[in-house]
Amino acid sequence: EKADREKQINIVAANCVMNQKTQASVCTKDVVLTQGTLSIRADKLTVRQDEAGNQYVAGNGGPVRFRQKMDGGNDWVDAEAQRFDYDGRTGILKLIDKAWVKRGEDQIHSDLITYDLNNEAYQAQSKPESGGRVNIVITPKKAPAP
Amino acid sequence: MLFRKSLIQEMSWVALGAFFVLLMLIMTTQIVRLLGQAAIGALASSAVWAMMGFAAVRYLPILLSLMLFFSILAVLTRLWKDHEMVIWFVSGRSIHNFIRPVLEFTLPVVILIALLSLVLSPWALEKGQEYKEKSLSRQEVTQVAPGVFRESPAADRVYFVENFSGGNGNNVFVQVRRDDKLTVILAEKGGLYLDSDGSRWLWLAKGKSYEGLPGTASYEMLEFENARLRIEAGENPRSSPSTQATSTMALWNSSLPEHKAELAWRLAIPISALILSLAAIPLAFFNPRGGRASNLLVAVFSYFFYYNCINIAQAWLSDGKVPAMLGMWPLHAAALLITLGLFAWRSKLRGH
Amino acid sequence: MSLLSRYLMRELSLFILFALIGLLGLYTFFDLIAELTDLGVGGYRLSDALIYVALRAPANAYELLPIAVLIGGIFGLSHLSGSSELTVIRASGVSLKRLLLWLCLIGAFYGVITLLLGEYIAPAGKRMANQHRLAATQSMLVGDFRSGVWIKDGKQIVNIGEMLPDLTVVNARIYEFGKTLTLDRVIEGHNGRFQSKGNWTLQKATITQFLPEHAGVVLTKPAVFNWQTSISPAMLAVLLVEPAQMSATSLLSYIDHLKRNKQKTSRYELALWGKLFYPLACLSMVLIALPFAQTQKRSSNAGVRVFIGIACGLVFHFANQIVVYLGDLYNWPPPIVVAIPTLLFLSAAGLMLWRQERR
Amino acid sequence: MPGTTRLLPLALVVLLGSLTWLLDRAASLPGSAVAINANQPDMLVDKATAVRFGEDGRPLSLLTATHVSHLPAGDITWLENPHLRYTAPDQPRLEVTGERAKSIKQGSEVWFPGVVKMVRSASATQAELTINGRDMRVLPQEGLASSEAPAIAVMGTYVIESVGFIADSKAETLELKSKVRMSYEPIRTR
């Protein structure tokens, strides 16, 4: 949900190092970041906040797992990837290496998925050299029960 | 042999009297010096009497030698003055007959002088110094008197207490020097005390201490309600024993000119005592008709001249001007020759 | 001074002089031995030691004169009574009182000599001796403590490391206090020279200033610093000599300084009173000599009486010194402390004379 | 009575013997006072305020305590109710308050056992940091404060709980050793 971005951010981790000069915190081992409905589980997470308050989060894991509730409805988006990079200012989340996103029934697997949290649209690219396959499974939405 | 016994007996009495007077004399001046030191805290007041004892042992050899010379001189002069000498000469005694009784009277004392000068005096000097240092370091507690600056034995602490009321000082000033750091402490009240297990404390109330390296700004200032500082016993370094305090054996083995000079000096005391005692006989010649006390003056002058020669010889020996092997023997030989000369002159005079 | 009293004076003076020379000889001998240990220190030669010992002679004389008067007096008087001249004098109508008067005159004469010695000659001699010795051994004049001389002057406590013979000071450190037991400044000067009354100049000075309320420490290193103080070189010189050897005038000025700085003055007051009463000692010595000397020639114990006389005199002199020390220790009022032994002995001598006369 | 001729030597020997014996006895003083055992305190101060000035003469550290005791062994100083304020030019002001403190190596390392509160004032680039924890070790010169025990740190909007931390004023970093729970409000500019 868009509203998440205003919410308080909580990080739980085994170890964190905060650097005030760069306003960046690097947390490692069993890191769980939650903000509103968004939750990210990763092995390593770097969080940075700029003066405007935009969060820049990056990290990796084996894999990194995302979960966020969709706006309006109680559908959840789940995603996984080896590495990810989120740019709060643009609202773009990049999932890299063995990335897949599952929204409702739709699923998408790819080497690189770019998910735009603003309009909840995502775009998948495969890495040309690896001949990766982009595998998209769209499941029609069932009409809401009358 | 009434002659021998009466002579020795009289000399003994005069000697004892002279000894007491000389000892009292030395003690008077020593006491002044020691009390002066005690007054400024350079010497523990409890140690004054013991230190006087040590000073006595140190001066005894010279005192005894002076006593011998004076008593022989006094008795023989009396004999001349009371014309008893003439009676002895008439009855066949000559000046040489006095040598045996004088020797009999002098030898035991000379041996005693040798013992003192070679063994006891150095011991007394060394022990005295050690005792002084030990008693000083134990005495620091009673040392802080009001209105007077006091320095601790190891000279690393200086105290000044403005005035005393009820046993503790008001307006206390302490300067402590440790390694190159200097600390100044000021307090409204302060004092020294011994705690149960015998270590010594300086307590201070409502004060400030400034500690730092002189000449730099990095100071540390401490303000306190009250403070207690333990004072280590001044374990000042063992000062190396001066040549005068080293044992005779050590002097004998060492080849240092100063040590040889000191050894020669210590030997010179008994030897000179013996020679001077013999010289006293002819020196005591007193011509009732002639000059009144002129011969006494000559005798005293010769005594001190001989002794000062010994001192000067020692100075030359320690400077190496005179070879150590030679020592002071030529000086003693000369003195002996003069004495024999005096005997010859006196008996010749008597013989005409 | 009638012929007879002049004769008495000459006769006694001969013996007193003789005793003084003997005693002085003994003391210079001891001084020389003490000096020998320092030979070779910084080029200290034998001739310097001899000069030093010679210059100290007046100070020794000052200390020994009373005893010399005693011993000379006893020997002189017993010599006179021995040759029955004393009895002749008494027989020729000289009453005991007149004889005592003459003796007092002689005693007073020697008392004046002691005063002169103690006031001018001895201190000057001692100062010259020290200065000579310092120049010879190139060592510095240091006070009683190894940390140098300490003086309190108003709001300053001053520590002078050493003082050179030319009265300049080395390693001076001055603690300057604020109102309530706070240290305002520490002024350190490598060497200092007296300029005029009330101020010295310190070369290579370092001033450490403590700002109030722990605000900070300000360090300044002026090449020359003008140090305001009432301390004078004379006062420093005074501190380097034991009280007993100071002249009365310098004692007086120093006591006044101590009083102004709430410092204990008893040690110096005792020395001052001691100096004033000391000449009196000669007088009492002469009077003590008389009773001991009045004996018949033949009596066996003539020697013993002389010996006892000398012993008593020595005890008196010894007591004099001890009393001064005890006075300082227990803070007894100086004038009384100093007067007791002298008065005691005078009365004892008087009593013996009176008893002897009555018999 | 031995021959009176032997009177003098006898008298002198007796005098000498007794004098030497007396001196030996008088001089056999026990050793100097009880040896100072190093683990007994050699300085005790109540209500102390210690200010240390830096080379530039400006106050560097201010330490107050209700009771201070110094042990010569290891040159250790124990303080009760210590409050340390460290104001070095090259780092933000550091204030540490605790129940007890043990200062070693002339105050270059101070150990605060028990409950401790540390406040590092804000600087141009970092917000004020307050840590409430236990058993904290502070090295003022290096601007380091660390602990192995649980602590709660508040820095600006960040609230951090952890077990063990290292706060480095000079590098402006705060490392949280384990069991980290951090939360903060994103800066709202809109």
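Glycine is treated like the rest: Cβ placed from N, Cα and C.
Just so it is clear, the model here is predicted, and its values are computed rather than measured.
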**Prompt:** With TrEMBL as the source, which of C:62-80, C:157-175, C:214-232 is set down as transmembrane segment?
**Reply:** C:62-80
**Complete:** The recorded stretch from C:12-30, C:62-80, C:100-122, C:306-326, C:332-354 sharing the largest number of CB pairs under 8 A with the transmembrane segment (C:275-294) is C:100-122
**Fill in**
If one takes Cβ-Cβ under 8 Å and requires six or more residues beyond its ends, the residues near the transmembrane segment (C:332-354) are 96, 100, 266, 269-270, 272-274, 276-277, 280-281, 283-284, 287-288, 290-291, 312, 316, 319-320, 323-324, 326
**Request:** For the transmembrane segment (C:306-326), find every same-chain residue at least 6 residues outside the stretch whose CB is under 8 Å from a CB in it, and list them.
**Result:** 66-67, 70-71, 74-75, 78, 270-271, 274, 281, 284-285, 288-289, 291-293, 332, 337-338, 340-342, 345
**Positions whose Cβ lies under 8 angstroms from the transmembrane segment (C:12-30), at least six residues beyond its ends** = 53-54, 56-57, 60-61, 63-65, 67-69, 71-73, 75-77, 79, 106, 110, 286
